[in-house]
Amino acid sequence: MATLAPIPTAKRQRLNAAAESKRVAALVDEGKLNPTTDNVIIQLQSSVDGETLGPSISLPAGNTGQRELQMIVNQLRRQSRAGKKRRVDDGSESQEEDYDDDDDEDLPFAFHLDVSTSEGTSTQPTRLDITTSISQDVLQAAFARKLDLSAEDTLRIVFEPQAVFKVRPVRRCSNTLSGHASPILYSISSPSSSLFLTTAGDKTARLWDVDAELPLHTLKGHNDWVLTAAWDPLERRCATGDMSGVIYLWDSIDSKSYGVKGWGSKSGKQVEEERMAALAQEAGGVMPTEKPKMKVAEKRALRHASPPGKVLKGHTKWITSLAFEPAHLNASSPRLASSSKDGTVKVWNTSTRTCAFTLGAHSSSVNIVRWGGETTSSGAGVLYTAANDRTVKVWDSADGKLLRSLDSHAHWVNTLALSTDFLLKAGAFDERKGGLIEGLSLASSSAGEIQQAALKRFKKFTAQQPETVVSGSEDHTLFFWPPQVGGDRTAGEAGGITPKKPLTRMTGHQKSVNHVAFSPDGRFIASASFDSSVRLWNGRDGKFIATLRGHVSSVYRLSWSCDSRLLVSASKDSTMKVWDLKTYKIKVDLPGHDDEVYCVDFVGNKVASGGRDRQVKIWRA
């Protein structure tokens, strides 16, 4: 069902206009700032490091919007870099960073005025985004009227870098794909954004080709509902977990390729070689002298056969979550972590298909596991787990040692998100092109080269914003936690911040929090709840930004576009909604499913969704 905001009546519009005119007149009479005519003094501040850029500037409020502010910021950035280069050349300052030619290119920025209070729990907006003009977006905003601004005030405007490329909002369903015989329970897009993996209650998982919008493979082997899935960071393998506690590993057909080339169909030569190897094994290792003869239909069936699954057994109850080791930590043979309702987390060696160790400190069902990108003193990554025992636990993935337990929630912890989630999933893949980073190839590049390229991306991202964690709970709250390992944690402790205490308690939801997700650039956090709302929070401190209202029933799932400009939500009301993060309103309403929508993913510049109606829908601009 579509949800539309009612248009104000003509009488209401006249009353609003009269009230606004009266307010402006009162400001002029009192000697306060007149937003329609006066200049304002602004000071630009970077959201990355908090440093101010250039001197205070006096600008006309009515004629200064995002476009004009963007030109000013880029000009000031060029002047700042030129001045620093001169000081380095003169020897009066040491060079602490390398300069790229790309640094001189104009970049897009988003701007806002921070009006946050001392508490991050207010239901009022804590920032006013600037798009049209400072006058319209800030000074005439209803909430800004309480700020009592005067012409002498300096407005501290924060600028945030945005992705150079843009993803167009999806507006129509381009294809409806049938295949599952039961509701689709979970979905996840591949690192290259070319494949879409779904799991369902019909005991199967299915692979879909998003570019061609066609089914690719049906992964059979499970004997119970398939509940969750995960992708190897180089797309050479995927994993699925079911309700009986069994995990299946599925290897790509061609490990030197990704996407449809890696997972599509075998070549005729490959089928013949496999048949000859099978015959040789039957003959005790003696290779047959002639190629095996196969009928055309038999050969075609073998070419298009789904990849066989390999079983991992150990859990005694259903699998709740799966996570592979990131590419920058282990590109050659990443391990797999699985969480279960049996209260344990297991780390698996995917090469030998054996359990390396079991994490057993939780006293109740473990709902989610995330493999972080920061490293401990052992050089291994960090595992984050959340459970029904009301705790979030942090582990060293080298040996399964418990580093700390975060115990602030008052009820089950349902969901976790890392500020680096998108980067860890993409690994060495470039989200703009849908392929590997330029200069890399699965066929010719070594695992070490791929790992170093992924590590370079990760370090560049975390240099601006450390890896942080947000947890969402059945107690209707979220907690924003400080960095748990590395130099950022040490610096925080020196400043009086302990990693065991949350930086922000994020309140406002009226019911359970189902899902939480950081935007790819880490600027925003979005949370979905049974209270039919989506809430937006600041990704750097967890403070409230806005409530996105439009759904009329529980919101199950969220997904961000790779440029961080669009957010899509899936709901029990059978619709999905694409949200405009400038106005915090619905940009596009996407009805079309016949029942509840359980899962949704941005897959490149498309959106794929599935739910109770057993159909996968592909949406495009």
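Glycine too: its Cβ is placed from the backbone N, Cα and C atoms.
Unlike curated records, TrEMBL annotations are generated automatically.
Look at TrEMBL and you will find 91-107 tagged as compositional bias 'Acidic residues'. As annotated by TrEMBL, region 'Disordered' applies to 78-107. What TrEMBL records for 177-218, 219-251, 312-358, 359-405, 506-547, 548-583, 590-621 is repeat 'WD'.
Tertiary proximity for the repeat 'WD' (177-218) is limited to same-chain residues at least six positions away from its ends with a CB under 8 Å from its CB atoms, namely 224-231, 233-235, 238, 240, 242, 250, 258-260, 263-264, 306-307, 425-427, 429, 431, 434-436, 562, 598-604, 606, 608-618. The DSSP breakdown of the repeat 'WD' (219-251) into helical (H, G, I), extended (E, B) and coil residues amounts to 0 helix, 19 strand, 14 coil.
Residues of the same chain lying 6 or more positions beyond the ends of the repeat 'WD' (548-583) and with a Cβ under 8 Å from any Cβ of it are 1-3, 129, 131, 162-163, 165-167, 169-170, 193, 422, 431-432, 511, 514-521, 523-524, 526-536, 589-602, 604-605, 607, 609, 611, 619. Per-class residue totals from DSSP over the repeat 'WD' (359-405), listed helix then strand then coil: 0 helix, 28 strand, 19 coil. Long-range Cβ contacts of the repeat 'WD' (219-251) within its own chain (Cβ-Cβ under 8 Å, at least 6 residues beyond either end) map to 182, 185-188, 190-192, 195, 197, 199-201, 203-207, 258-259, 262-263, 306-327, 331, 334, 336, 338, 340, 342, 348, 350, 353, 424-425, 427-429, 442, 450, 454.
Across the repeat 'WD' (506-547), the DSSP tally of helix, strand and coil residues reads 0 helix, 23 strand, 19 coil.
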